[in-house]
Amino acid sequence: MHRYTLSSSSLPLPQTHQPNPHPKPPLQNPLLHTFKTPFELKQFHTQIIKTNTPISILQLTHIASICALTPSFPYATKLIQLSCTNETDIWNHCLKQLADSDTPNNAVRLFIQLCTQGVCLNAFSFSHFIKACTRLEDGLYGKIVHGFIEKHGFQSNLYLLNGMVHLYVVSGEFESARQLFDKMPDRDVVTWNIMIKHLVKRGDVDEAYALFGRMPERNVRSWTAMIMGFVNIGKPKEAIELFNKMEEENVRPNEVTVVAVLAACADLCVHDLGKKIHEFSNRSGFKTNVRICNTLLDMYIKCGCLEAARSVFDEMEERTVVSWSAMIQGLAINGKGEEALTLFSKMIDLRIKPNAVTFIGLLHACSHMGMVNEGHEYFTSMSKDYGIVPQIEHYGCMVDLLSRAGLLKEAREFIKSMRVKPNGVVWGALLGGCRVHKNVELAEEVIEHLLELDPLNDGYYVVLSNIYAEAKRWEDAARVRKLMREKGVKKTPGSSSISVNGVVHEFVAGDESHPQTEAIQERWEKLLEEMRLRGYVPNTSVIVLDIEESEKVKFVLRHSEKLAAVFGLINTAKGTPIRIMKNLRVCEDCHAALKLISEIVDREIVVRDRNRFHCFKNGVCSCKDYW
């Protein structure tokens, strides 16, 4: 065997041979990586020697890494020793290559083999070993690695200890990770971020936030992990508050931060902040980021800003099926069913394959437009033409479609024919149809199924009580309320929120806690006077409490939607839309009142309730009075 000397990129010709007057470049044979056995690689190596061809570090590494995992390990060792290359460097190349491959377990095998053979290893060797173990997500490896690190004197190496903390958490050994974290003599921002990120992933957001508060320094990843954590557990308000603090500390958001904050804005219907994030995103060069564009679509749609959503969609350089499905769904739930179906046709013309979410949007569109036959066709087509098995959401859409159209008997039969067990969404859709079409008998049957699924759901009791009240069956309505008390079921308080200048203002029925209460009341009295001149009479049937009629009138006139709308009139510019989010379904009286208010003040009022969007404009609602 010949001895080589290694330059920066290759091993030159054997010293025992005369120099070739026309030297060849280092061999870059694409077949090298097709050789999988030591025998084949030895033949390849022999060819290199015979042809006096220089050998690159990459080739030497590949030969060594294959041979090292077999009884040919001595051959690999000898090959490396005969080169003038640092032995540890070559083995580190091998470890890195295997750790990054589809078989990281081979890196673990090689590392143990090297330790057994007494090969000199350094911190880089251990970092590749840790990476391979982390990719395997096996807690047993964590203990082995930790032992190796302490045995070889690397217990104060911060980079390796950070890797160990990460290995423990991804292996499910969180207590071991916490113990190591607590014992570490030094920690950097990476150490803290690893712990916070995985606490958030586990759902321990409060513990993560406590750790976040102890951090000596934070970077954008620290802030982003916490913001995303609050979004994931349904605390968008806290997420936005944390983002505001992040801005105060002049930490520049990255692409992941943008996605997290936009998701929070979507959940809270905070359009103004979402718009600012959009502008920042464009200035920062994120305009071509598909994930950000899709999140922007979702944010604008959930804030009822359909024109802005369509603008984002039309300007996207690349659209995925997620983009198309979001836009179709957005059009459908905002009362633009025909546009949703047209967009789907365009999607198919461009040969973009729809997914299950796409068909939820299509069925919503058909439902809101009363297109029963077309809805049936889409429902059949999804499995017949696209191989998509209908899920419970699709069945729910079909029941909603039939119920909206007044085909309650057909909706009931459809539920009986379902291949999956109906859930609360399916039965709830039929109950909604019973309420609108005043079918008390069927509503009683549906409620039995709903209470079997969720006996403590206050919404079911409230809807049935309202159905009885509208039918003037006061004793039955009282019986439902009594049943709620006996079972300890409490009605969820209704609340409405509105964002002005990035600040979310929340109102509850009869709210007098807001600093602008007097101004709100004064403006509401003037507005109410005009509404009465136009024929408005409070609908007290929505109040099922056993109180005097005059008290019912006072109560219904102070519903949270009305307070939020008046606050919006006072605090937003004339001609701009007012955007409100309601945690429950909008009641019939507020629906009628908001239609009238939109006509009187010539303002668009967009309300997102628990079921859908209502766009009140010129005295008309986009839901066509079915919600």
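Note: Cβ is positioned from N, Cα and C throughout, glycine not excepted.
As written in TrEMBL, here are the features:
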REGION    1-29  region 'Disordered'
COMPBIAS  1-19  compositional bias 'Low complexity'
REPEAT    188-222  repeat 'PPR'
REPEAT    223-253  repeat 'PPR'
REPEAT    289-319  repeat 'PPR'
REPEAT    320-354  repeat 'PPR'
REPEAT    355-390  repeat 'PPR'
REPEAT    457-491  repeat 'PPR'
DOMAIN    535-627  domain 'DYW'
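With DSSP classes pooled into helix, strand and coil, the tally for the repeat 'PPR' (320-354) is 26 helix, 0 strand, 9 coil. Mean model confidence for the repeat 'PPR' (289-319) is a pLDDT of 95.
For the repeat 'PPR' (457-491), same-chain residues at least 6 beyond its ends with a Cβ under 8 Å from one of its own Cβ atoms are 424, 428, 431-432, 434-435, 438, 440, 443-444, 447, 450-451, 541-542, 544, 546, 584.
Within its own chain, the repeat 'PPR' (289-319) is flanked in space by residues 255, 258-259, 262-263, 265-267, 269-271, 274-275, 278, 281, 326-327, 329-331, 333-334, 336, 352, 577, 579, 606-608, 613, 615, which lie at least six positions past its ends and keep a Cβ under 8 Å from the stretch. Residue counts for the domain 'DYW' (535-627) under DSSP, helix first, then strand, then coil, are 37 helix, 16 strand, 40 coil.
Secondary structure by DSSP for the repeat 'PPR' (457-491): 27 helix, 0 strand, 8 coil. Across the repeat 'PPR' (289-319), the DSSP tally of helix, strand and coil residues reads 23 helix, 0 strand, 8 coil.
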